[in-house]
Amino acid sequence: MIDVKDVSYQYGEKQVLHHISFTVHEGEFFGILGPNGSGKTTLMKLLSRELPLQQGNIVVCGQHIETYKPKQYAKLIATLPQHIDVSFGYTVKEMVELGRYPYQSTFFPKWTEEDDQVVDEALRCVTLAHKQHVLLEQLSGGERQRAALARALAQQPRVLLLDEPTNHMDVAQQFKLLNLLKQSKLTVVAIFHDINIASLYCDRLLFLRDGKVVACGTPRQLLNESMIESVFDTCMKRHEHPVLPKPLVTFVPFLEQPIKDVLWHVTQHENMVVIETMKPFKVLSSALVGGGMRWATTFVNRHVSLDYRCDDAEQEMIEFLRQQGFDEQWTVGMMTAVDIRDVVFTSAYEPVRFFVAVTAGVGNAVDSANAWRRADAVASPGTINTFVFIDGHLSEAAFVQALMTVTEAKTKALYDKQVVDTQTHTIATGTSTDCTVIAASQQGTYYEYAGTITAIGKQLARFVYEATQMAIDRYNERKGENR
Amino acid sequence: MPKSFIQTFLNNYITASIIAIVALLLGISIGSQSIPFSSIWETLLHHTFHTPTNVPTAISQIIVSIRLPRVVLAFLVGAALALAGVAFQGLLKNVLADPYTIGVSSGAAVGAVIVFFFQLHLSFLGRFTLPIVSIMFALVTLLFVLLFARLAERNMGIETIVLIGIIMNAFFGSVISLMVAFSGEELRQVISWLMGSVAMRGWSYVSLFVPFFIVGSLGLFTHIRELNAFSFGERTAANIGVHVLRKKLWILLSASLLTGAAVAVSGTIGFVGLVIPHMTRLICGANHRKLLPLSFLYGGAFLVLADVVARTIVAPRELPIGVITSLIGAPLFAMLLFKSLKRKTG
């Protein structure tokens with residue numbers, strides 16, 4: 001569709017593009033990114049023929065770009081500039097009608113039914129049909145941009161060139177416009193400032209820096225930390241979009257000084273154990289409140305009676321946390337029916353500082369391997385809750401491995417304690433409502449892995465195993481007392 | 001913004017045509033010898049269809065040989081200047097541009113004065129020497145103004161063009177004064193001519209003007225869509241497929257043709273190209289599809305009426321018509337300048 005080959009450009013003495021080559025395929029959403037002064041806009045101006053080619057070749061639809069007549073080219077390529085020139089005294093429709101210019105003959109221009117239809121369709125497409133008779137100066141910035149887009153669409157082009165199309169637009173307008181373009185199925189070549197928006201919408205990206213192509217490929221290929229750093233000189237972390245299969249990046253604006261002294265603080269109340277950390281910890285957990293990945297400073301293990309039943313346990317828990325004066329946005333909260341006095345704490349300093357807290361009740365012990373034989377479906381409290389705090393920097397993979405390590409250690413503890421699933425009469429692997437929290441300070445030593453055979457995994461497994469056994473013992477003792 | 005009744009009423013070719021015709025009739029009727037509309041009508045019919053008439057020959061003579069060519073010339077010059085104003089404003093994206101304010105009229109006047117001064121008579125041009133030299137001077141001045149403005153400021157600010165107009169007018173004004181000083185008595189009359197007048201020109205001047213008027217008007221009326229495109233900036237125009245350089249030249253040439261020829265037959269009449277497009281834009285919006293024809297009609301009517309005022313206000317003497325148009329135009333010019341500066345500084 002568009003073939004850029006070995007294109008260089010200079011303003012006077014200043015070389016702004018060096019031997020640029022890339023190809024845009026039909027129907028593609030193609031993003032151009034780079035820091036300021038990387039030559040993005042110059043490249044765009046070459047494509048829109050605003051600047052003449054100096055060196056190299058640009059072929060559009062199989063034909064050299066300079067062989068097209070202005071009108072032919074306007075039927076092929078429409079441009080949506082960064083700053084929309086608005087002329088006072090024109091209505092929206094009059095502006096959009098200009099887009100039909102290339103379709104009218106020079107000497108006997110005739111406005112046809114088809115022209116009318118295309119203009120109406122373009123206006124409808126940008127949802128400005130109801131404002132077609134409004135004067136341009138009465139529109140908001142976003143609406144003007146959309147009016148300009150409608151004019152571009154009225155050209156019925158095969159390619160749309162956009163220079164930072166969503167500048168000066170609020171979030172909703174940005175997504176509206178981009179969704180529209182995405183649905184249009186046109187070939188789109190666009191300059192973006194926002195890497196994440198580019199990742200969400202573009203099929204392929206071109207990274208420019210100092211007038212040279214750094215890389216060209218899919219967002220998944222290009223959005224890695226070292227690449228972003230080499231193009232933009234900024235420290236970024238990559239993560240995944242929560243809903244779409246797209247990579248996103250996040251800036252790391254500054255790094256905090258690591259805290260060397262007390263990192264966590266435990267208070268034991270009658271009905272709950274609260275662990276508070278001195279700095280936010282990154283947490284992977286299966287907790288009722290704040291489950292999944294998040295940052296938290298407060299960890300609450302709350303005691304509820306065995307017959308606790310609530311339709312919306314999460315909401316009830318949030319209200320409970322609020323009453324206690326905790327901010328649920330920074331809290332990981334879970335429940336247990338176990339007497340909170342039987343909590344077991346252990347901590348160690350090798351290979352890193354870490355801390356384990358376990359409460360165990362095995363009333364609902366389940367053998368996961370044979371759970372399919374069981375008839376019950378509803379879980380009730382009676383739980384092994386495990387908290388692990390690590391003063392280290394864990395990768396996402398390490399978080400998952402730590403979770404596996406901890407789970408395996410817990411299971412082994414149950415096995416060695418001969419805890420039996422009362423329904424299947426086999427040895428249990430856990431209980432029906434177990435909860436595990438892996439929290440890491442994300443400072444200090446970096447751990448890529450935390451599996452059972454890593455230095456950190458070994459210690460984790462050992463302490464969790466011991467603490468779980470001890471917690472089961474205490475649980476059994478108390479049950480004996482009560483009997 | 002809801003349109004007022006007057007705006008809606010005037011935004012219509014029929015109304016505009018009626019106003020133009022009434023202006024023409026008034027122009028013929030009013031003067032030292034007042035002539036009723038009916039006599040004008042009869043005389044016109046008599047001269048075109050040879051219908052019988054009771055109008056005395058003296059009156060009919062005044063109508064046909066003196067008043068009629070005068071109002072026709074005034075109408076055509078007014079229309080031409082208004083069209084040229086529309087073209088300059090569209091092309092330069094500047095509401096302050098008109099043949100007079102950017103100095104093109106003065107340039108054309110220098111051309112005309114040179115023709116008088118050197119008694120120029122190019123044989124292959126015949127009596128068209130005067131308008132053609134004026135047009136050439138207009139075009140050269142215009143190109144110079146554009147070049148100058150572009151050099152001075154890439155984004156051609158709205159005031160830049162005004163300053164350039166001042167420079168041009170000052171320079172050409174002194175050139176003319178110099179020539180007048182050298183020539184002694186014979187060019188004295190040129191001074192009153194410079195203030196603009198359509199008096200005592202007769203049909204010969206009308207016929208001198210008409211060919212250029214037709215070509216120039218056609219040139220603009222065939223570029224309505226391009227004028228609209230240029231109103232959104234040259235970049236936009238290029239993006240939608242306008243051959244920018246070629247179309248721009250056409251429009252500039254047409255506007256110079258209209259301005260140069262108008263100056264050649266009637267001197268420098270200021271601000272018509274500013275007042276009329278501005279008023280018309282208030283009536284019909286900025287779209288040239290309507291702006292151009294309505295400016296044509298209202299521009300013509302305006303100058304005919306201005307001429308009526310010029311020759312009656314201090315009767316039996318006559319004022320130069322440029323005095324009247326400047327009296328109306330200069331304050332409007334000031335207001336527009338003030339408004340656009342205010343918009344800029346917020």
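Along the chain as shown, residues are numbered 1 onward.
Every residue gets a Cβ built from N, Cα and C, even glycine.
According to TrEMBL, the transmembrane segment annotation covers B:12-31, B:71-88, B:100-118, B:130-149, B:161-182, B:203-224, B:249-279, B:291-313, B:319-338.
Of the Cβ pairs linking the transmembrane segment (B:100-118) with the transmembrane segment (B:291-313) and spaced 6 or more residues apart, fewer than 3 are under 8 Å, so the two regions do not touch. Contact between the transmembrane segment (B:12-31) and the transmembrane segment (B:291-313) is supported: at least 3 Cβ pairs lie under 8 Å, counting only residues 6 or more apart in sequence. Remote same-chain partners of the transmembrane segment (B:249-279), defined as residues 6 or more beyond its termini with a Cβ less than 8 Å from a stretch Cβ, comprise 73-74, 77-78, 80-91, 95-101, 104-106, 108-109, 111-112, 130-131, 133-139, 142-143, 146, 193-198, 201, 205, 208-209, 212-213, 215-220, 223, 226-227, 230, 291, 295, 298-299, 302-303, 320-322, 325-326, 328-330, 332-333, 336. Counting same-chain residues at least six beyond the ends of the transmembrane segment (B:130-149), those with a Cβ under 8 angstroms from any Cβ of the stretch are 99, 102-112, 114-115, 120, 122, 156, 160-161, 164-165, 168, 172, 208-209, 212, 252-253, 255-257, 259-261, 263-265.
Here the transmembrane segment (B:319-338) has Cβ contacts under 8 Å with residues 74, 95-96, 100-101, 158-159, 162, 192, 195-198, 266-272, 274-275, 278, 303, 306-307, 309-311, 313 of the same chain, all six or more residues outside its ends.
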